[in-house]
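These notes concern the structure reproduced below.
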Ligand SMILES: NC(=O)c1ccc[n+]([C@@H]2O[C@H](COP(=O)([O-])OP(=O)(O)OC[C@H]3O[C@@H](n4cnc5c(N)ncnc54)[C@H](O)[C@@H]3O)[C@@H](O)[C@H]2O)c1
């Protein structure tokens, strides 16, 4: 992709476009599913088909047990499904019928070849674009919903124009990055802080932008619908995630100083939050960020900076990732060190495996790294998460090569059905996700303490434990990230 290629002279061959009546979403994942389910729910007169190459995923969307857990999602899907919301594996048929197509496929980091470990792998975007070029109807609007490197729309246009069988095909590409956060996706989609719609400054681009804005205007506050240039919109998503991740790494860097100085990072961060220029969000110290986006979007930004000949900029953002990896490793090391420098054959309860509360998503979850470290050090790990299945835990740990070097049989870890069962017989419990059930008043800490091996340790990487003194009184040794006890 060359940033010097200009689109501003693009010879627009726009077909007249009326209001959007039929939408197709390619990719029925964490973004495509909830986003278009909410759209269908709010716009009953628009037919919305969410399509995916994964038969398993589509079957789950059509079943009682949706493939992802998201508070409020079930009710939205159940009301709209079969009315104007459909889930289908007929990718071509769904594209062919649509006058607006969201591309919501995955954009993981490349694992091999040029840019491996940093660049976005756009093979899924390209495959989807080729299907659009081949089967979409004239004048269809194409919307980048996936997070993509800046100027991806330019590559998409080249593919569309080269592959389309029609000599007078007309494609308008918009950028409409998604800002939902897993765990609050439905809330975020119903009342988004902003909806960005980026377009080329051509008459066709402006008209397509207006058509998509009209769809959102059915339920989104007008002042939250922001129109801008295509490249700014693409870059805004990477910029927003980089800034959020940077806050987490910054507060974790302060947490490390707190632990050495007997300062308390929660006191420090609450003091910082009161400054309106800083703001109150994403200043929770802990065991680092996870999720499918921050890591890969930062890698993407680093790669973009390097490609643009900006090594200092790349180095700046790289430190955010370095700090995150170090934070996770430091947490594991602390566990071993505080448990008398050996955890061989000790039972350790890991409470929470999802990368954050209210989601079953384990992508890049810090729990994966910490479990891997504990297993490598010979511990027997008992994992409990209210929303993550054993199969997902197995997949996540296997992908990281996490295995026990001491287990003579089995995997070296056991997935437990409850917090109490994970803790029974354990020498330590480690909080890796801030599920509300862990901090609930219903938790009988005395009973948990009695069921554990002594001394009984608590390692809190998620600020779950609020009343440390009460737990100490029971007999626990408590360690919290960023608190210098
Ligand atoms: N997960 C989030 O919280 C989040 C938030 C904002 C943006 N994003 C971005 O949204 C995009 C999608 O993320 P996700 O978490 O939904 O990914 P996902 O892996 O959950 O879903 C992507 C889906 O696309 C399908 N797919 C891939 N190629 C296809 C093709 N050619 N035709 C049909 N289906 C195809 C896959 O089978 C998969 O089900 C990514 O670019 C991501 O960075 C994610």
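Counting starts with 1 at the first residue shown.
Note: Cβ is positioned from N, Cα and C throughout, glycine not excepted.
Residue density at residue 293 (active site, nucleophile): 26 other Cβ atoms are found within 10 A of its Cβ, drawing on all protein chains shown. The feature active site, nucleophile is assigned by TrEMBL to 293.
The annotation NAD(+) binding site is assigned in TrEMBL to 27-32, 52, 57, 105-109, 146-147, 182, 293-296, 363. Taking the Cβ of residue 182 (NAD(+) binding site) as reference, residues of its chain lying under 8 Å away and at least six apart in sequence are, in sequence order, 30, 70, 291, 355, 356, 358, 359, 361.
Feature annotation from TrEMBL assigns domain 'UDP-glucose/GDP-mannose dehydrogenase C-terminal' to 349-467.
Residue 295 (NAD(+) binding site) is surrounded by 21 other CB atoms, counting those within 10 A of its CB over all protein chains shown. Each residue contributes its Cα atom, and for residue 106 (NAD(+) binding site) and residue 293 (active site, nucleophile) those atoms are 10 Å apart. Less than 6 Å separates the Cβ from ligand 1 in the case of 30, 293, drawn from the recorded positions 30, 109, 293, 295 in sequence order.
Between the C-alpha atoms of residue 27 (NAD(+) binding site) and residue 293 (active site, nucleophile), the distance comes to 16 Å.
Within 10 Å of the C-beta of residue 27 (NAD(+) binding site) we count 28 further C-beta atoms, all protein chains included.
If you take every residue in the domain 'UDP-glucose/GDP-mannose dehydrogenase C-terminal' (349-467) and average the pLDDT, you get 93. Neighbours of residue 109 (NAD(+) binding site), defined as other CB atoms within 10 A of its CB across all chains, total 18.
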